[in-house]
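J.: One structure is given below, represented as structure tokens, and several questions about it will come after.
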Amino acid sequence: MAVEGGMKCVKFMLYVLLLAFCACAVGLIAVGVATQVVLSQTIIPGATTGSLVPVVIIAVGAFLFLVAFVGCCGACKENYCLMITFAVFLSLITLVEVAAAIAGYVFRDRVMSEFSKDFKQQMQNYPKDNHTALILDRMQEKFHCCGATNYTDWEIIPLPVKGQVPDSCCVNVTQGCGTKFTEKDIYTKGCVEKIGGWLRKNVLVVAAAALGIAFVEVLGIVFACCLVKSIRSGYEVM
């Protein structure tokens with residue numbers, strides 16, 4: 001039995017929200033893939049917490065797309081079981097997103113502390129591992145930083161010349177520029193502070209996007225529950 005009256009409007013709005021969910025899902029997958037590419041170029045090997053981030057984003061995006069597909073089928077066929085499944089799974093996704101946002105806020109200082117520890121550990125491998133050296137050089141050039149806390153962190157690293165810093169610390173990178181330098185010739189701030197500042201600038205955008213998605217998901221849950229109630233009433237009439 002097809003829904004009638006105001007439920008037709010609810011069903012139409014649910015279709016619109018389902019399209020929005022699909023767009024959000026594709027967006028999350030794209031962000032996850034892009035994040036993986038960025039992290040593969042900047043995150044230090046062994047930083048397992050950071051390497052899991054893109055995997056989680058892609059997984060949530062794929063699951064949201066699947067849930068949106070279930071909701072679309074349920075709304076199209078006005079199937080009670082599919083709509084219940086859609087509402088339950090969408091509620092779970094919303095709870096996971098809220099929990100992840102809270103966890104990210106609570107543990108933000110711990111993440112930066114672990115990153116600082118990993119960075120210092122990998123600095124020890126700089127003279128011995130070309131891959132690690134390439135990653136650290138890329139990070140220092142990209143974020144205009146030098147060392148973990150500051151450029152003096154390199155003093156304890158056994159580089160070819162004592163007191164030297166990597167050339168990637170130089171404001172104008174040239175071969176050998178880090179051997180004999182003055183403070184005005186290099187970036188003196190540490191990478192942990194610089195990257196932390198970059199994250200803080202972008203976290204507001206991420207938080208706003210997450211809140212927007214969560215709000216749309218709550219609307220989807222409400223509309224799905226209304227449609228479920230209407231479908232159930234139709235079955236009872238029959």
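The backbone N, Cα and C atoms fix where each Cβ goes, glycine too.
Okay, these came from TrEMBL:
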TRANSMEM  12-39  transmembrane segment
TRANSMEM  51-73  transmembrane segment
TRANSMEM  80-107  transmembrane segment
DISULFID  Cys145-Cys177  disulfide bond
TRANSMEM  203-228  transmembrane segment
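On this model, are these features tucked inside or out on the surface, and what's nearby?
T.: Sequence-distant contacts of the transmembrane segment (12-39) (same chain, at least 6 residues past either end, Cβ-Cβ under 8 Å): 50-51, 53-58, 60-62, 64-65, 67-68, 71-72, 75, 213, 216-217, 219-220, 223-224, 227.
With a threshold of 8 Å between CB atoms, the same-chain residues lying at least 6 positions outside the transmembrane segment (51-73) that come near it are 14-15, 18, 21-22, 24-29, 31-33, 35-36, 39, 43, 79, 82-83, 85-86, 89-90, 93, 96-97, 100, 220, 224.
There are 18 other CB atoms within 10 A of the CB of Cys177 (disulfide bond), with all protein chains counted.
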